[in-house]
Amino acid sequence: MSAPGHLPYRGRFAPSPTGPLHYGSLVSALASWLDARAHGGAWLVRIEDIDGPRTVPGAAQDILATLERFGFHADEPPVWQSARIDRYRAALDELLATGHVYPCGCTRKEIADSQLHAHQRNTTLIYPGTCRNGLHGKRARAWRLRVPDDAPPGAAVIRFDDRWQGPQSQNLATDVGDFVLLRADGQWAYQLAVVVDDAEQGITHVVRGADLLDSTARQIWLQRCLGVPSPTYLHVPVVTNDDGEKLSKQTGAQALDGVRPLDALVAAARHLGLELRDPAPATLKAFHADAIDAWRRRLAQLPPVMG
Ligand code: GLU
């Protein structure tokens, strides 16, 4: 993976406005902000509001206001994915022209049935490649990105060094399969939008929750297909509830509305394993300075990554 260390640091926080900022997303916001500030870099905010059915009206404004209240001031105006659909369309057209993308006419049921026949017991459906060489008279429903063939075995493995989690690898052919970039319901897939936007915004460092670790190999493959550089990645541990589920609106995460920012920030810093010199800071400014130093010390404790 090319580590764009020679470029000026540009990081981002990219919330989906499916509800107000909660403690779990605060941890990601804090980590991305601290890493940018610790590197003297720029920190941007991107509102990932292309998933129409999941987007909650007013949630984006609510998130932006909460970020301000917590002292996270973005260096550029926020970017809204809903205003960038033409960019995703252009990227898909380019991928179609270069043969990386093909139309697929399979229904979810057909894909599920094909897996049963193959005696596969995966919980996620791996597309068997039925429409790779044509629609066989079916109507195009979705557009899929070809992943590399795993021949010779291992050829489809994508490797990268996560700055927090260490060396990672995923076999795109056996673990993922050709994946959808434009869905049957007309919605643009997160994977395409995030790659197009990170590239066009010149993002050099992605810092986010470890629930997205599993998406990273797909994003690196897409970057290669589009001929854009790969940022470096750092995935912080996600916050879970008492049942071990990732904290989200669906799993009952509380909004941060009524919470004193400093209390929530100190708790988030603790979740990241930061050793603050002052555990009860009096001001946001004092917390920020202390947390940036603690982040630097935390990074120094992580095993060094290669490349
Ligand atoms: N919008 C995604 C989320 O809220 C994060 C995307 C990213 O950081 O790459 O889960």
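Each Cβ is built from the backbone N, Cα and C atoms, and glycine gets one as well.
Pulled from TrEMBL, these are the features on record:
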| type | residues | note |
| --- | --- | --- |
| BINDING | ARG12, PHE13, ALA14, PRO15, SER16, GLU48, TYR190, ARG208 | L-glutamate binding site |
| BINDING | CYS104, CYS106, TYR127, CYS131 | Zn(2+) binding site |
| BINDING | LYS249 | ATP binding site |
| DOMAIN | 10-255 | domain 'Glutamyl/glutaminyl-tRNA synthetase class Ib catalytic' |
| MOTIF | 15-25 | motif ''HIGH' region' |
| MOTIF | 246-250 | motif ''KMSKS' region' |
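Projection of TrEMBL feature records onto the structure.
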{"residue": "ARG12", "record": "L-glutamate binding site", "CB count, 10 Å": "27"}
{"residue": "PHE13", "record": "L-glutamate binding site", "CB count, 10 Å": "25"}
{"residue": "ALA14", "record": "L-glutamate binding site", "CB count, 10 Å": "25"}
{"residue": "PRO15", "record": "L-glutamate binding site", "CB count, 10 Å": "23"}
{"residue": "SER16", "record": "L-glutamate binding site", "CB count, 10 Å": "20"}
{"residue": "GLU48", "record": "L-glutamate binding site", "CB count, 10 Å": "21"}
{"residue": "CYS104", "record": "Zn(2+) binding site", "CB count, 10 Å": "23"}
{"residue": "CYS106", "record": "Zn(2+) binding site", "CB count, 10 Å": "22"}
{"residue": "TYR127", "record": "Zn(2+) binding site", "CB count, 10 Å": "20"}
{"residue": "TYR190", "record": "L-glutamate binding site", "CB count, 10 Å": "19"}
Need the DSSP three-state call for TYR190 (L-glutamate binding site) to compare against my parser. helix
Which binding-site residues from the set PHE13, CYS104, CYS106, TYR127, CYS131, ARG208 come near ligand 1, judged by a Cβ under 6 Å from any of its atoms? ARG208
Calculate the per-residue pLDDT averaged over the domain 'Glutamyl/glutaminyl-tRNA synthetase class Ib catalytic' (10-255) and state the result as an integer. 92
Taking only the binding-site residues ALA14, SER16, GLU48, TYR190, ARG208, which one has a CA atom nearest to the CA atom of CYS104 (Zn(2+) binding site)? TYR190
Other residues near the Zn(2+) site, CB within 8 A of the CB centroid of CYS104, CYS106, TYR127, CYS131? GLY105, ILE111, PRO128, GLY129, THR130, ARG132, ALA142, ARG144, ASP178
Taking the binding-site residues one at a time (CYS131, ARG208), which has its Cβ surrounded by the most other Cβ atoms within 10 Å? ARG208
To the nearest Å, how far is the Cα of PHE13 (L-glutamate binding site) from the Cα of CYS106 (Zn(2+) binding site)? 35
If you take the centroid of the Cβ atoms of ARG12, PHE13, ALA14, PRO15, SER16, GLU48, TYR190, ARG208, the listed L-glutamate site, which other residues of that chain have their Cβ within 8 Å of it? ARG46, ILE47, VAL194
Secondary structure tally of the motif ''HIGH' region' (15-25) (DSSP, helix then strand then coil): 3 helix, 1 strand, 7 coil
